[in-house]
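S.K.: Okay, handing you the structure first.
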Amino acid sequence: MSISRRSFLQGVGIGCSACALGAFPPGALARNPIAGINGKTTLTPSLCEMCSFRCPIQAQVVNNKTVFIQGNPSAPQQGTRICARGGSGVSLVNDPQRIVKPMKRTGPRGDGEWQVISWQQAYQEIAAKMNAIKAQHGPESVAFSSKSGSLSSHLFHLATAFGSPNTFTHASTCPAGKAIAAKVMMGGDLAMDIANTRYLVSFGHNLYEGIEVADTHELMTAQEKGAKMVSFDPRLSIFSSKADEWHAIRPGGDLAVLLAMCHVMIDEQLYDASFVERYTSGFEQLAQAVKETTPEWAAAQADVPADVIVRVTRELAACAPHAIVSPGHRATFSQEEIDMRRMIFTLNVLLGNIEREGGLYQKKNASVYNKLAGEKVAPTLAKLNIKNMPKPTAQRIDLVAPQFKYIAAGGGVVQSIIDSALTQKPYPIKAWIMSRHNPFQTVTCRSDLVKTVEQLDLVVSCDVYLSESAAYADYLLPECTYLERDEEVSDMSGLHPAYALRQQVVEPIGEARPSWQIWKELGEQLGLGQYYPWQDMQTRQLYQLNGDHALAKELRQKGYLEWGVPLLLREPESVRQFTARYPGAIATDSDNTYGEQLRFKSPSGKIELYSATLEELLPGYGVPRVRDFALKKENELYFIQGKVAVHTNGATQYVPLLSELMWDNAVWVHPQTAQEKGIKTGDEIWLENATGKEKGKALVTPGIRPDTLFVYMGFGAKAGAKTAATTHGIHCGNLLPHVTSPVSGTVVHTAGVTLSRA
């Protein structure tokens, strides 16, 4: 059945969030009102998916309808706490705007004309087109992208079986800079022991809005215990408002301040010399690189007074090793992302806070923990080994630049899909398969994305909603929500081993299916069935658990299991508790720590303050240093963005409860700037640059620099399902140019714009 936009269903109101159901044939959307509270009640443990951190949860269900979600008390770091996004999962499941049947585009891309089809027809047509593209252009011409985490593993399994090396997560548009910096220096990332820190410095990392429930609670605990917090941020974020000090740093000035702090620590010998000598390489090159980066120099670069830089550095060092410079998350402020994140890790290294209470630490999975304990404390997870699984032979499109070798091995440079499609280099991309990925909100330069999808031969979107990106697809495959599916066991180890399990809470609505099942069935239609030896998720879970039925039962009952005691390798009291628990543990060092067991997966086996590998890949990048770059023109204002506590990037603006909580992203304007432009709060304004033009509303506030404008990201969608949050506000991607930072491969989230009244 085919239908035009004029014949589509009319909108049904849910508060202010569901402005219209958009353009769908009858039966394509969900109709599932929440049942009353009378009836059989169950509590099911699972994992949240309202953001990428996957907090353990419990869902209360009445008559097969989810009515309440809370944190899982079996997970002590979080307990029953949950954020607004996690609690809104009820609204997600029962949203009448959900896609619940496969659909095929019948009109121009993005115009919203769809036809309901069967799963079999969808699989047959998509597989036929993929195989035709493979035959003509090679399997590498099909790109696969997904949100990070469990959603990506099954899609990437399909990509590998199909023969394509081009798999991507959203990492290059969000957290990759931090992870790549850690990989360059140490071979792997580090976590924060926030609850026990005495001093924390943040460069734009806003844990009170970019919420990670456990870390956010730890931050509150640290502040209650008297820890000092210092925020360097161009705007007064929620974290800045709760910090002891807020310094309105110039956008892009972070690296200069970090280099100056390093200069002070080395010049005044405030660093942990014994740690540096034992665990690092390249200190001499680092010291030479920061010899001239004085606080006075940085003050001119960043608008932070020199005496503030000196004082904060001294205070930070005085609290070491129980002190942290937060490595951050989504915040590519400039082209110098890789060096900024490296300098943050470098300051932590100079503090000697690695594997110390209130510092940074390596996560300890079952294999590591069991080895140290001298016995099997926690079960290890078996890795799926598929016999004769093919290995793609073509080069990845993002490895045309060798500097991206680190991110290519992880989430990849997703915006390279645009480059390849538009330039046909190193070879053309002809198809794009997306799983819960909304690049139209997260990738910069929206106009380039439109050009990209318009010239592709095939675009497939697997999603819960008709997102802005899904609106440009040829086929929509309805995925069920995280509360309607089972998934693999997740390793959530931190200071000791821990596993968690996402399991089905309620039955799927309509014909929606789990993404693992969708990609498995498409793989079978592609003739790749031999690479799918499992029949259901329970079989795969049991394989991971090495056939341990008792463990599987316990994990399903509790949803979260952990083993052992917290272990910090260089903290004597922590090691004492560990060895008391496990008498057969390996011998401690003479100082009663496990300092000799601290290893790093870098080429030298140490923390590399100077990277010979990076210097070879990109001359001049061996050590961090400031380089000339421009974020805006002289007549422009800085344009920056950030996260808000009630939304996740561009993913949750469709969820009714969250859309009601926040449905617009007013532009923060300093009173001085507003007066110069004749602008008042609530006025309609234009932001414009060479990339695009956006209309929004002004919010005049002193909580922003006079030369800077700020908005929350994820609003102002120009296609897809219509809610209050998607139809209002500034679309950030329409104002950010297509700029990729070196080495990290991340998109730059700062630009220049002009401001005027509408």
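Keep in mind that glycine also has a Cβ here, set from the backbone N, Cα and C atoms.
What Swiss-Prot records for C48, C51, C55, C83 is [4Fe-4S] cluster binding site, and it gives sequence analysis as the kind of evidence. If you look up Swiss-Prot, you'll see 41-97 marked as domain '4Fe-4S Mo/W bis-MGD-type', on the strength of sequence analysis. According to Swiss-Prot, the signal peptide annotation covers 1-30.
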S.K.: Taking 10 A as the limit, how many CB atoms besides its own sit near the CB of C55 ([4Fe-4S] cluster binding site)?
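M.R.: Other Cβ atoms within 10 Å of C55 ([4Fe-4S] cluster binding site): 26.
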S.K.: Can you count the other CB atoms that lie within 10 A of the CB of C51 ([4Fe-4S] cluster binding site)?
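M.R.: Neighbour count, Cβ to Cβ under the 10 Å cut-off: 22.
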S.K.: Return the residues near C48 ([4Fe-4S] cluster binding site), defined as same-chain residues 6+ apart in sequence whose C-beta is under 8 angstroms from its C-beta, sorted by sequence, else 'none'.
M.R.: R54, C55, P56, I57, I69, I82, R85, G86, G89, Y482
S.K.: Within 10 Å of the Cβ of C83 ([4Fe-4S] cluster binding site), how many other Cβ atoms can be counted across all chains shown?
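M.R.: The answer is 20 other Cβ atoms.
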S.K.: Other than C48, C51, C55, C83, which residues of the same chain sit close to [4Fe-4S] cluster? List them in sequence order, counting a residue when its Cβ is within 8 Å of the Cβ centroid of the site.
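M.R.: Here the non-site neighbours turn out to be E49, M50, F53, R54, I57, I82, R85, G86, I211, E212, V213.
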S.K.: Tally the residues of the domain '4Fe-4S Mo/W bis-MGD-type' (41-97) by DSSP class, grouping H, G and I as helix, E and B as strand, and everything else as coil.
M.R.: 9 helix, 21 strand, 27 coil
S.K.: Could you pull the average pLDDT for the domain '4Fe-4S Mo/W bis-MGD-type' (41-97)?
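M.R.: Here the predicted model's pLDDT, averaged over the domain '4Fe-4S Mo/W bis-MGD-type' (41-97), is 90.
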